[in-house]
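**Student:** Sharing a structure, written as structure tokens. Questions coming.
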């Protein structure tokens, strides 16, 4: 049940976020600006770790807690709601050093994905607004915050928690 719920959550958030983006580029056409935006976003996914470290909003967990990261955590894949459901004994509590290091790699992967998406969504929203399609541009911008900014904030918070545990 937990696995199914996680898949549904992932599908739900992805559809909500990507619909305005796909709608915009479908009606605009895949031209050079789409290629530029996609290329920049893909390159961003392969930047060195130190670049992502520079993008860390804060080194204090309290900063993220003031941003209501614990509320965000309830509604995401493998979040608080999902963990309350019956399912295989998939404890997400990290108790070993090896598990903590492995989870940091998972966080890094999610972080790269959402930063790449963040840039693509941001470029797309800007392109739409400049092209005079303000409503769809604002929708893409809203989707960007909902799908990418919240995920980035959550991953940065989780990274701090795990790093605190390792030190």
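Using N, Cα and C of the backbone, Cβ positions are placed for all residues, glycine too.
Keep in mind that TrEMBL annotations are predicted by a computer and have not been checked by a curator.
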**Student:** Among 7-26, 67-86, find the range that TrEMBL records as transmembrane segment.
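**Tutor:** It is 7-26 that TrEMBL describes as transmembrane segment.
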**Student:** Do any residues of this chain, six or more beyond the ends of the transmembrane segment (32-52), have a C-beta under 8 angstroms from a C-beta of it, and if so which?
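**Tutor:** Non-local partners: 25, 108, 111-113, 115-117, 119-120, 123-124, 127.
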